């Protein structure tokens, strides 16, 4: 047994030695393969390291939550008992409610002994900035207390010492309230003012606005009672005692050195649902397989060329008694050497890259990174996958090398065999299976997993069919110009080199076309189902509810807003819109025909309120007239002048001439509806397509009063508010900070979001990079291989530009051989995925189709025609035109 | 003409003032040991390399003055090359290989194919036009190479050890073809180290260390026998 092992080791030793020498001899080719494998390895490694560094575990995050001095953080949450694991943020359980209130500071001291205790409160609050009002992260505590050490780091000024002093971070200071200035905090209707005495960096918040001080206003949602506790370590026993009183505890000593009991509780309470679900796993596996396939296919041609260059040596070895296995190992040996170097280089490069780019990555996220950390096990896995890619890329060439026709090779005869007759059949079967799976997936079964697997099968099938396509192309090239004929035939003669290169391009194109169709269809659906809020080009100004109610703004205040808007958008016609407002916010109403049929439209944007009130002279609000035809508007206005109502409905037009408004309220004590008022008036019913109803109804002021509601200005309607999005943004910030905080919306119709454009550009760029990479690699390998032929061309008098022509033709042939079948195959999963992606959603409406399909022909055109031509051009421009000399070739 | 490779200590004199003429209808054989400069002479004569000093004239045209593209044009139209290892392009059929110079020169496909067929007939390979080189024997491949060298109206045929990779009988056949072409009016230069093939030539020139050391006229065979015996 040991003897056999020794033999095997000896066999591999020889193979590795040959591999090392071959790799060194063909230095540029080896470097090319190393780069192809090392770059993706480096990329993934950098991402893994950055994520590990970004991901802060409980131990690493202790100082952010406790500062540097506190022994524990106690959070009294429940009047009853609770249970927790080591970190209360990750494992908790609420037990029975006992009814008594949560603990207070004295209660905490009573349990864990008389220790220093500091109240801390983390919450969000609004602060005024130069532009308007912004959300900030607040920390309400006494930063000068020794227990607060480490929660913030002072970079300028000093810590607050008086009640009206606060510190802010650089992110907030940059937006207005700087050192020595006032910080205004809207609180209810009023504003509180604090003085900024220092600039700090928070241990937990980055980039986002942050403010800290002992007297920040209380959170609107009520403060939780949280304390930092000093003194001796807080033990698991203390934690359990506090838990029994409804408080959660983050204890430094428990986190750093958990007892067996703590670990047991942690295991029991930690939520099990943390792992990824099946579809996520499948998607990740799919991505890994595709990337691996791409790398294998890109590196494959280089090994094919190496094996072919090596063919004579291998044939000589075979002629002198070498076995097929030895021939295989000689090629695999090179893959092992190159793969190992590439994996190592990639890992080191990736770690370096992550370290180098850490400041850049840190800028992109709001949480602080943890200490620089290298996840060795993950990196090892990534490196092994990279190494495996090299081996996979060499398997086919090695297998072919071991089966080559020794006599043929030694006598210089054709060594590439005809493509297998079985492979196209296998390919077709795989593609059909992939198509069937995709078709099955159109119904949205199993969260798209069948479609994902369908893509894999289709791609695999394509790889089986490609050799036949290459051979067919060569057969049909007889009538093509010399350089194209030469390139196509040569591509066919070296199929082991051509097929993986074309395959890499095909895989890229399949991905691009699939994603393109999916994305295009999604956009198509968004566009088709887009609902405008107002007539195109019009806009609205409303009270910004997110800033909080400031009571009822009066007409004069609205006039101020209107003036402000008019100054910025002089072209707009501005009119206030009144709505019926009930004094009791719990009130709601229903609109029915006189005989009790419900007529409320399924969708109303209700920008200005559910029931609008016409002007005293019966004029309808412009928000309504702008979307009505002249005839409708006239009859509607007539009805309102006569004391009737205009009711919008998307049902079959009711024949009723009257409408009944019922005002109701839910009576908590009686547990039943309570009818407050009911008014029946003459009505004009206006049928609105599902797209848009400006409100449920428009009534005259008299009817609103009968219903118990007050007509009140609820916003401004802007006709022809055509301003740029940037101007709208500026105006929005100015309005948000106005006397009545208001927001503005301008209807521009469906807008392609930036994200869509970015995704589009990314798709094209990525396809271009991979296609150009694949085609260039294959082309230069082919040119290198074809040196004797090029020398012959030169000897028989080929003009110098011939070499360029041949190179461009090589690139074109390889790119087209990959792009055309790739695009065709890409349609299968692309169309399939558009079904579940654009399936009818909510609300269900008549005009919404059940499926949208948009083939992005521009993308397909770019990928199938544009990029191959571009690649040919690049090759033509970058290739040396000089032909090699016969005498120097051998 | 002279040809010097490299400079300084690495300077190699491949040819030192060689003067040689080959006339229409004449076959000249060049003999000499390896490294004597035979092949350098041929590559310079074919315009694949340029002399360091001196000049080469083909059909009245100075190769140095013709420039790179002019020399390429001459190789497509006036000069035919035959190499020891055939140098056929494996991706092209026999017919396409023969038609290559004409196609490169911009002739129509039909014209080029017709001329190729004629040349293939001349070398006895009619019917082989659609075969690929690696489906043929060595002798057949060399005939294809000769057909490529004579296709069109070539006035000068340069053959560098055309029989080197062939058996004696096949080699004789190849020489017959070259001889026939010269008899039909072309000038031929043959590099060989086999006296039996050199005997097909009208004149034999003996080269050593980049110099012409001897030249045999009407009856080269006798001289070669002497040489071989010496």
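Note: Cβ is positioned from N, Cα and C throughout, glycine not excepted.
Note that the structure is a prediction, hence the values are computed from the model and not measured.
Among the residue ranges A:422-440, A:479-497, A:536-554, A:555-573, the one that TrEMBL annotates as transmembrane segment is A:422-440. The stretch that TrEMBL tags with transmembrane segment, taken from the ranges A:376-401, A:584-609, A:610-635, is A:376-401. TrEMBL lists transmembrane segment at one of the ranges A:330-356, A:654-680, A:681-707, namely A:330-356.
A contact between the transmembrane segment (A:499-519) and the transmembrane segment (A:422-440) is absent, since fewer than 3 of their C-beta pairs, 6 or more residues apart, lie under 8 Å. Counting only same-chain residues 6+ beyond the ends of the transmembrane segment (A:422-440), those with a CB under 8 A from a CB of the stretch are 450-451, 453-468, 825, 828-829, 831-833.
Summarised by DSSP class, the composition of the domain 'ABC3 transporter permease C-terminal' (A:286-405) is 101 helix, 0 strand, 19 coil.
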